[in-house]
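Here Swiss-Prot flags 30-110 as domain 'ACT 1', drawing on sequence analysis. As annotated by Swiss-Prot, domain 'ACT 2' applies to 120-207. Annotation comment: Swiss-Prot describes 250-326 as domain 'ACT 3', evidence class a curator's inference. Among the features that Swiss-Prot reports, domain 'ACT 4' is placed at 328-402, with the record citing sequence analysis.
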Amino acid sequence: MDDDEYAKLIRRMNPPRVVIDNNASDDATVIQVDSVNKHGTLLEVVQVLTDMNLVIKKAYISSDGGWFMDVFKVIDQDGNKIRDTQVLDYIQKRIESNAGWFIPPLRSSVGVMPTDEYTSIELAGTDRPGLLSEVSAVLTDLHCNVVNAEIWTHNTRAAAVIHVTDNSTHSAITDPIRLSTIKELLCNVVRTNSGSRAAKTVFSCSDTHRERRLHQIMFDDRDYEGVKRARTSASRPSVTLMNIEKDYTVVTMRSKDRPKLVFDVVCTLTDMQYVVFHGMVSTEPVEAYQEFYIRHVDGLPINSEAEQERVIQCLEAAIERRASEGLELELSAEDRVGLLSDITRTFRENSLTIVRAEISTREGKAKDTFYVTDVTGNPVESKIVESIRQQIGVSKLKVKKKEKEHCSVLGTSRPSHETTTMGYLLSNIFKPK
C-alpha cells in the first residue's frame, strides 16, 4: 500500500466529528470540527459555512501532528444564532461528507466543456466598460441562455464563470461545431484591447467550486501584479509576514470586514500550496483580523523576500477582488432569453460599468446582483440610477441600502501580535527570529 492509499485509509477509519453548540456562546452558534488533517481540510470546512451564507465572527484553528481541530463562531445574515434544526443537521452532514473530498491543485491554465445540465464557460481578459454586455449579447445571438454566472474585476483584469443552456432544449450544448463557434466569438470579444496580456475563453468540465475557480482564474491571469497603491490606506488591506521559531511564517491580515472574506483568504493560501497549522479570525464591523501560522506544503516557512512579497500581493488581491465597490443593484424578474443582454445593454447605454455581478435563475425567476460605477470608477449619480430603474422597471430593479460607513479601518486601534488571542496563546512557544 503506497502512502496516498494509506492516508485515504486513515481518513476512512477516522471520520470527522462535528459538534454544534448553541449554548456555549451568548451571541453565536459554535461549530467544532475534529478530523484527520490533510491539505485543504480547512478550506473544505470554510467552504461549507460560506455556501450556507453563514457569517464567521470568530475562528480558532489548530493542528497537532496528523489531527486537525477548528472552532467557529457563526451567525446568520441577520446576526442571529442558527436555530433551525434542519439547517444545523445539514451543516453537520455537509462538513462530514466534504471532509473526504479531494481538492485539486491550482490548474496552470484556464480551459469549455458541458455537463448534463449546462455548459460552463470561463473567461479571462482585460476589463473595460460594456464587456459583460457584449458577452451576453453574443450568447443571446447564439441562442444560449445564461442560467447563472459570476463576474469579477480587479486591477484592470476581468474573470467570469458562466453557465449556459440551449434555448430550445434547456440543457447543455454538446455539438462540438457549435461549441467551437461560441468559443471563437467570445474570444474575439474578450481579446479586444487585451494588449500584451492574453485573453482566454474556455469550456470547463472542472467541478471546482465556482468562487474558488474565479480566484484561480484571476491568479493565473496575474491580477495581483502592479496593483496601484494610490488608493487611500483606509481602503486597502494590510498584510504582514513574520518568520518565527519552529519554522512557521505568521501571516497577519487586517481589512474591512465583508461576506466570504475568510473563504477568500483560505482559498488563496490553499491554492498557493501553503498549509495553515494554527490561526485565529476575529471580525468586527470596523475591522476583520486574521492571523495564520503557515508553512509551504514541503514543510518550510517563507524564506525569500521575493516569495514574501508575492504572498502579500496575492492575499491583498484575494481580499480586494470582491470588495463591494460601487452601487449595489438587485434585479428580480421573470427569466427569459436575452434578459441579461437587455439589462447590461441598458447599463452600458447609461455609461455604467459593472465591477462585479452575480447572476442566478431559479424556478423561472431571475435574481441578479450588480455592483456598478460610472465609466471613470466614481459613484453613480442618483438621477441616472432612477432613469435606469424607470427603463427596466422600478419594481424589478432596486437599490440596496448601504450600511452606514464605519470609521477609518486603519485609524482604529488594533491589537498587537502579543495581545491577540492567538498571539497570546503562542507567544511563549514561538519567538520571533
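Cβ coordinates come from backbone N, Cα and C, glycine included.
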Recorded stretch that, among 30-110, 250-326, 328-402, has the most CB pairs under 8 Å to the domain 'ACT 2' (120-207): 328-402
For the domain 'ACT 4' (328-402), mean pLDDT (0 to 100): 95
For the domain 'ACT 1' (30-110), residues assigned helix / strand / coil by DSSP: 25 helix, 26 strand, 30 coil
Secondary structure content of the domain 'ACT 2' (120-207), with strand meaning DSSP E or B: 27 helix, 32 strand, 29 coil
